[in-house]
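**Student:** Let me give you the structure first, and then I'll get to my questions.
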């Protein structure tokens, strides 16, 4: 199984084009992230009243929490144009210059995965963000000359899942940093209920709760699960999704009551059965699962760590008692030293 195909991956999938209709259009419709939403509303209202461009905004958080949706909402609330791109797409300074020179006054430019901008592109972006100017070098060698281009005052909205990879000069140019957190089950229930209404299918409170509990704190996953559960309900001639049909559908999709899928359980079972619960190195796990190390560290492990099933220790990955209980296995006797200093572990290389 390749990780992008997992129904519970927080990364965007090809079939997620169907979630566009489920996205809120205004801040008042956006569920969750209460403090971030309240602050954004104040900053937007203030910029609109002054007739100025909003300060540059940086959204930081795991994938699937609504960074792109919030960027679109910011532009809509400001009543300005919206242009979207991503860090890997902007290959050279000229690509960025083309985007910036086509922006109107106060427009929003959204750059997803902004941590993946090349250093050469970043250098061009600094004066654009700070002084609304482009400093470009035209030509090569002795004939090269510097050209300064004035830009319309715009708002750059950046999004990143890995804030630690941002350079300090780039991070410091964002006046409004916003960190997004995982959603509560109650918030996801509201999102699922609204989504069912948009999809024109009924849903009971316990049906919404069943989907929300397995959505791993992530609206994108909740929307994806809702669409698949709706298919099961339609096939069974059900006019509404209740707990029974939700449980049946999600079990058929191999998403268990804790939100773990077959890959998660395979990961935990491999450590439990083959390595006595650990510690085991990440390279060993990558080979055992036939998955790249990056996929292990960035896609599989974060949710398992968040739920308390896994520890990263200096000696390797280690299952917790919670993991053995979830797998229905007896926990082997282990030396306390395996857990690292005071039971906490640093990153194992």
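Cβ coordinates come from backbone N, Cα and C, glycine included.
Not measured: the values here are computed from a predicted model.
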**Student:** Per Swiss-Prot, which of 214, 216, 220 sits in the ATP site along with 22, 23, 64, 67, 68, 69, 130, 131, 132, 173, 183?
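**Tutor:** Checking 214, 216, 220 against Swiss-Prot: the ATP site match is 220.
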**Student:** Could you list the residues of the same chain, at least six apart in sequence, whose Cβ is under 8 A from the Cβ of residue 130 (ATP binding site)?
**Tutor:** 173
**Student:** Other Cβ atoms within 10 Å is the metric here; tell me which of the binding-site residues 293, 312, 317 scores highest.
**Tutor:** 317
**Student:** Using C-alpha positions only, work out which of the binding-site residues 64, 68, 183 is nearest to residue 293 (DNA binding site).
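**Tutor:** Of all the candidates listed, 64 is nearest in space.
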**Student:** Which of 132, 183 (the binding-site residues) has the most other Cβ atoms within 10 Å?
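**Tutor:** Answer returned by the neighbour count: 183.
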